[in-house]
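Following: one structure in structure tokens, then a few remarks.
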Amino acid sequence: MTASNKPAFNKADFQKAAEELCRYGRILYGNNWSPATSSNYSVRLNDDVCALTSSGKHKGELTPEDILAVNMQGEPLSEGRPSAETGLHTQLYRRDHHIGAVLHTHSPTVVLLSQIWKDDALSMTGWELQKAFAGETTHEGTVTFPIFPNDQDIDRLAGQVEQHMQQHGQGHAYLIRGHGVYTWGKDLAECYRHLEAIEHLLGYQLELLKIRQP
Ligand SMILES: CSC[C@@H](O)[C@@H](O)C(=O)COP(=O)(O)O
Ligand SMILES: [Zn+2]
């Protein structure tokens, strides 16, 4: 089933984005952040269309045929089954036209920490690597990652994320408990930098929990 609302997009842009998503898939799988077909990745093509991974693909072995164009309502513009979590990508693209790429991954650090962290947000202050996030200029600031309960109803989860962002600001990333992380950036390079920073910052936090264990 393809979309009734079929906005146009540039085919060369799509091809370039598809190849880049495959390249990042190999990197993210190689980092052990996208095991067992988990994760989904996307790039904005224009106001109305993004390129996004198909559902259920091995992320270390993506080919451009595994990438679909979808409209910002999450409907595919060609044959194929888009990611089951498409709605979490399009929620971000709809709310902020500066967002050019979204990465969702399932690394052990993110999944473990999100599972054991009791609060519904994780804030970090005093770490130089906070400056890896666009717009953060000092370790003296605070970066906060909300943690949402996992939910198989993606429309409902996307609604909760949107509501939270309207009340508390967009931030740089959010966690889904026992599941993974979503982060975004103006392009894939910036988005990947954010993801690397999250991995390291959350890794510090996980180590601190071990050290401080009574
Ligand atoms: C293989 S378990 C992970 C999935 O349930 C999901 O969370 C995920 O990240 C990938 O879903 P997908 O539909 O392939 O984009
Ligand atoms: Zn997932």
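For all residues, glycine too, the Cβ spot is worked out from N, Cα and C.
Feature annotations, reproduced from TrEMBL:
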- HIS104, HIS106: Zn(2+) binding site (BINDING)
- 19-206: domain 'Class II aldolase/adducin N-terminal' (DOMAIN)
Cβ packing number for HIS106 (Zn(2+) binding site), 10 Å threshold: 21
HIS106 (Zn(2+) binding site) - helix vs strand vs coil (DSSP): coil
Averaged pLDDT, computed only over the residues in the domain 'Class II aldolase/adducin N-terminal' (19-206): 98
Tertiary neighbours of HIS104 (Zn(2+) binding site) (same chain, Cβ under 8 Å, six or more apart): SER39, ASN40, TYR41, GLU85, LEU88, HIS89, GLY180, VAL181, TYR182
